[in-house]
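Database features, via TrEMBL:
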TRANSMEM  22-43  transmembrane segment
TRANSMEM  55-79  transmembrane segment
TRANSMEM  85-102  transmembrane segment
TRANSMEM  130-152  transmembrane segment
TRANSMEM  164-184  transmembrane segment
TRANSMEM  191-209  transmembrane segment
TRANSMEM  215-239  transmembrane segment
TRANSMEM  251-272  transmembrane segment
TRANSMEM  278-297  transmembrane segment
Amino acid sequence: MLLLALSNLAFASVDSFSGLLLIRLIQGLLLPAALTAMTGYIGQQFSGTLLKTNMSLYIGSSIAGGYFGRTLAANFAVWFEWQSFYYLNALLLIVLAFSISASKNKPPIITATKIKDYLAPLKQARLVRLYSSIFCMFFCFAGLLNFLPFILKYDFKLTDPSKVGWVYTGYLVGALGSTITPWLQNRFQSTWQFLAIVFFIYATTIALLPTASLVFFVLLFTLFCACMFVIHTTAAPLANSISQAPATVTNGAYVSFYYSGGVLGSYLPGLIYEYAGLNWFAVSLFAVCTLGLCLSLRNAIQPAR
């Protein structure tokens, strides 16, 4: 967190574009490490219902942080100078870093000496399918979220920045969805079944996007965001509960699949949208989402394999 604070200070101080890119690259390495540490700690300290509850709270807070980070960064740039938000963020990170007390619990001892042995417990078929479905899930989410402003501008003729900003409020609904996920899971026979059903709804929202009016599009986008965060909140503790690897390894792999999908989803669908339009853009996201649905269904049908 201290390194992230320093990177924020450096980002606000650099006056060249190449320098900004370099710092963003460094932050791109620091953030997955921080997230892995946080989820790994939760996976080590809690199990069962407490694991689901605390992982839900963690994901809900990350959703809220992502929303308010985007909103405040834009508003600070209008109200003050754009650098002011990064100075504030650095200050908060420093305060929070020094407020964290050392854990009295010792982390598990890992005897593996080779990377191959270190990753061997992750070769469970159902765990690999779960990771792969998360890759598909975040590929679709990053794809739609990153190109949403262009879709609103060119396909729905929505050019007022304030109205575009309101559409993103659907993103915040996900925070509420993530906190009630454990309650929703209890209404189904198995977590795998619940995950597959939410994935089906997720894919359906993508399929309907090209046919929607603006109002219906916003409703679909809100449901799309809620489904994504419910999947995320379900899959993270599920991976910890079925994996035989240490929590840090399990969550490190989860974050790797998650962000790999996000990186590719932030780029590849945009090429399709640029050259083929909204319909084929939605088709590409639907195809990837359907793959994730199939993987989830396989785990729901054969949860022990």
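Placed from the backbone N, Cα and C atoms, the Cβ positions cover glycine too.
A quick note: this is a predicted structure, and the numbers were derived from the prediction, not measured.
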Worksheet item: Does the transmembrane segment (130-152) make contact with the transmembrane segment (55-79) through 3 or more Cβ pairs under 8 Å, each pair 6 or more apart in sequence?
Response: no
Item to complete: Flag the pair the transmembrane segment (251-272) / the transmembrane segment (22-43) as in contact if three or more Cβ pairs fall under 8 Å (sequence separation 6 or more).
Response: yes
Worksheet item: Where, among 22-43, 85-102, 191-209, 278-297, do we find the most CB pairs under 8 A to the transmembrane segment (215-239)?
Response: 191-209
